[in-house]
Amino acid sequence: MVVRAPGQGGILQGSNPSTYDPKNPIYVFIIQAGIILIFTRLLHLPLSKIRQPRVIAEVIGGILLGPSVLGRAPGFTNAIFPAASMPTLSTAANVGLILFLFLVGLEVDLRLLVRNWRIALSVGAAGMALPFGLGCAIAYGLYHQFRDDKGLVPISLGTYLLFIGVAMAITAFPVLCRILTELKLLQTQVGVVVLSAGVANDVVGWILLALCVAIVNAGSGITALYVLLTCVAYVLFLVYAIRPAFLWLLRRSGSIHNGPTQSVVALTVLMVFASAFFTGIIGVHPIFGAFLMGLICPHEGGFAIKLTEKLEDLVTVFFLPLYFALSGLSTNLGLLDNGITWAYVVGVIAVAFIAKVAGGTLAARANKLVWRESFTIGVLMSCKGLVELIVLNIGLQAKILSQRTFTIFVVMALVTTFATTPITLALFPPSYQKKLAAWKRGDINWDGSRLDSEDAAGSFGGSVAGKPQITECRRLLVCLRLDSLPSIFTFVALLGGERSNTAVAKVHPRKDGKVAGTETERQSSGPQRPLEVHGLRMLELTERLSSVMKESEADDWSNRDPVVNAFHTFGQLNNVAVSGEVQFAPETQYAAMLGERATDTTSDMVLLPWSESGSLSEIATAPFGEGTHGTFSNASYNSFVYDFFQSAPCNAAVFINNGFGAIPREEPRSLTRVATDLSLRSNGLHTTAPLRDLSHHIFFPYVGSVDDRVALRFVLRLARNPNVTATIVHVKGPSDETMVAGTGKSNATVVTSVVPESDSEAFFQSMADSLPGEMQSRVFFDTVETLNTWDECVERAKAEVGLSPKNAGDLVVLGRGQRGMSYDGTDVSKGDVDQSLSHMSKALISGNVKASILVIQAVRKGY
């Protein structure tokens, strides 16, 4: 019987998918890729706890799968990684490598080098020259000691010295960016210097590597010269011919500002492979062509970031682990089998680390950085990471390195990369960063003693020796969220006061010889408003390359961000001095970042709007069907608010919007029957009419805590606005204990800041007596006595707010005060609203009070 077609039954016909078939290699490739991805991901879990980059896990995973460990098991290599299957795995890995080097080129922002060219060139040059020189010195010994190893091609000593010098001098720019981001150093002076020098190092290093490979691949010196000249001509062709044409196409298609279209992505990838093909056939490695294509792509309008977002996941999640695992498979620790080999291992590590650290440190110190900053820069520049492994693999493929010397340098790359993060943390911890920043601002001397200026001596409602000092709120830090902009705009405008009415009739510049704008500018220049508001928008920082690029281009991102730009426009139109920025951080660090920025901007208060969806993501509304109840039940968000209050270095407030700005929160409507089954939603349009009543009414229950004192001052600050009326009620509860609402039990463990009753009442009365005359008709002070503070406050709030449904929204202000236990007296975690805000806040929320809520906490002692 003649078999006309191969069997298609697979394992049902008894075939073994793990047996390599050169005509159908996909099954073995899937097995290999699956094992590598699972193995490296599992290894990264413990290594990520000590802040090690993913490349460490990928290389170690390859070493464990290779001849050093599992390869020693009988039959493992032949079954999983047979020699015949390696070309398929290598092809896939090299495709990923080409795309990754394109992404590396995209990540390199030459504008950073131009802006900081002086220090970048000095640190980059010193950080390359010293390790290059010492690398050539140790290369002399390596060349004569291991030149008889099998698999090497005969090359001159000069070429070998050039290659080893480059391997010692190069810095892993992509890994460096991730380490700086992980340690929150990217926006510091250290981060700027390291990134600028890293860009210069990266570009020069790849050029030297291309030269080295060209010399190795060339048969004679004249051929090497031709290769070099062809390469230079190709670079000029890319810069002066391809880049302008590419930019023209991007602008014509709208891809610069709107992101690359699918056609643009296809064209870009085609250009990357065409460039890699050309540099490969002229005698330079294909990755150099891919890198050059990344360099010429524009960064304007966030194009490079948006293009990276299209490509990065498949490259970094699938292709790149294959390449670095392949490096590990080529590493055989068993070849380090004698004393002289281990001596060279130690020597190579010492030269690579000491030379890099010394060169970077001395150059940074010459640029007038302090010694610890300079040492930190030197340590960071010593990071080798994945770029070093790419260089080593090129050397192994070109047969410049034997498997033994390749293994020596892989060990060096792992050690230097592994050591970078812990040494940097030891040299430049967050506590020292804060001290150094304060010293450079002139807030403290070098010994740490504070140099208080008149402006920094106190803050609104802040504490000097634990007592409120200044009644003015001059600087406010606001967390900007897309879903909270309307209420935040209304609140800041209310706090900043009304616009001065200085408009005059405009005169055309060609009439009566008047100069354009002179009359208007003279009339509109009024007294400066005391309020300065800084807006901080926090976006999540992930492990993605595009996320790191956004962080490194935070200034440009801030200029383009629509939320920040809307905030700037709001400030100009409402006579409030505003500034704004975008910062990237992991969500777990959002609370700490707010505290750090409050310190940096010397803010008197930090204002955090409560998420409309009850989560850290900026979804406009709560999930469908949940209503407002799910907004306050998210444990992770409540924990974030709790951490925010704990880390605030000044007065802190959380604003819960409910119709502030006259846009009330709506409960989700139930589905109703419509006239036709083709209708998916109502055709009715909801029109928002202009506000005729711009008034706000504020209700504030004062119970006597330190937080209440700050809140009372803040209420009076808001009441300066002529559109605001306020009711301030001193609620006197049981004098000897704090009662748990609805239980009659005393709550001895409640965390509270209640001051003595006599002091509390005296403070309340002094504030009432000192009320300015123009505010006495709009602010009402009252006193009530009750046995149940919470219920009384809720009932009084319902009677005070929501009486004018067509006004601009009412507000209930609370001191955070008591928290720590629920209504029934049981302990609550920081993931509950009782702990994150207060018992009173939860009572008002549960009572459906028709007003927004502002919860204020006074600055804690120790700040």
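Each residue, glycine too, has its Cβ placed from N, Cα and C.
Note that this is a predicted model, so its numbers are computed, not measured.
According to TrEMBL:
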TRANSMEM  26-43  transmembrane segment
DOMAIN    36-422  domain 'Cation/H+ exchanger transmembrane'
TRANSMEM  55-73  transmembrane segment
TRANSMEM  79-106  transmembrane segment
TRANSMEM  118-140  transmembrane segment
TRANSMEM  160-180  transmembrane segment
TRANSMEM  192-216  transmembrane segment
TRANSMEM  222-242  transmembrane segment
TRANSMEM  263-296  transmembrane segment
TRANSMEM  316-335  transmembrane segment
TRANSMEM  342-363  transmembrane segment
TRANSMEM  375-396  transmembrane segment
TRANSMEM  408-428  transmembrane segment
REGION    505-530  region 'Disordered'
COMPBIAS  510-522  compositional bias 'Basic and acidic residues'
Margin query: If we skip the immediate neighbours and take only residues 6+ beyond the ends of the transmembrane segment (263-296), which ones have a Cβ under 8 Å from one of its Cβ atoms?
Written below: 94, 97-99, 101-108, 110, 203, 206, 209-210, 213-214, 217-218, 223, 227, 230-231, 234-235, 238-239, 242-243, 246, 249-250, 253, 255, 307, 310-311, 390, 394
Notebook entry, point to check: Apart from its near flanks, which chain residues at least 6 from the ends of the transmembrane segment (375-396) lie with a Cβ under 8 angstroms of it?
Noted result: 53, 55, 59, 97, 101, 104, 123, 127, 163, 166-167, 170-176, 179-180, 190, 193-194, 197-198, 201-202, 205, 209, 213, 285, 287, 320, 323-324, 326-327, 330, 352-353, 356-361, 364, 369, 403, 406, 409-410, 412-413, 416-417, 420, 423-424, 427-428
Item checked: Two-stretch contact, the transmembrane segment (342-363) and the transmembrane segment (79-106), at least three Cβ pairs under 8 Å -> no
Note to self: Under 8 Å between C-beta atoms and at least six residues away from its ends: which parts of the chain pack against the transmembrane segment (55-73)?
What the structure shows: 35-36, 39-41, 43-44, 47, 80-81, 175, 320-321, 324-334, 385-386, 389, 410, 413-414, 417-418
Note to self: Check the transmembrane segment (79-106) against the transmembrane segment (316-335) for contact, please; criterion is three or more CB pairs under 8 Å, pairs 6 or more apart in sequence.
What the structure shows: yes
Checklist line | Range from 26-43, 118-140, 316-335, 408-428 with most C-beta pairs under 8 A to the transmembrane segment (192-216) | finding: 118-140
Next item on the list: For the transmembrane segment (160-180), could you work out the same-chain residues 6 or more beyond its ends whose Cβ comes under 8 Å from its Cβ atoms?
Entry: 51, 53, 55, 104, 107-108, 127-129, 131-136, 138-140, 142-143, 186, 191, 194-195, 197-199, 201-202, 205, 208-209, 211-212, 215-216, 351-352, 355-356, 380-388, 391-392, 395, 400-401, 409, 417, 420-421, 424, 543, 545, 548-549, 552
Item checked: Positions whose Cβ lies under 8 angstroms from the transmembrane segment (26-43), at least six residues beyond its ends -> 17-20, 54, 57-58, 60-62, 64-65, 80-82, 85, 88-89, 92, 317-318, 321-322, 325
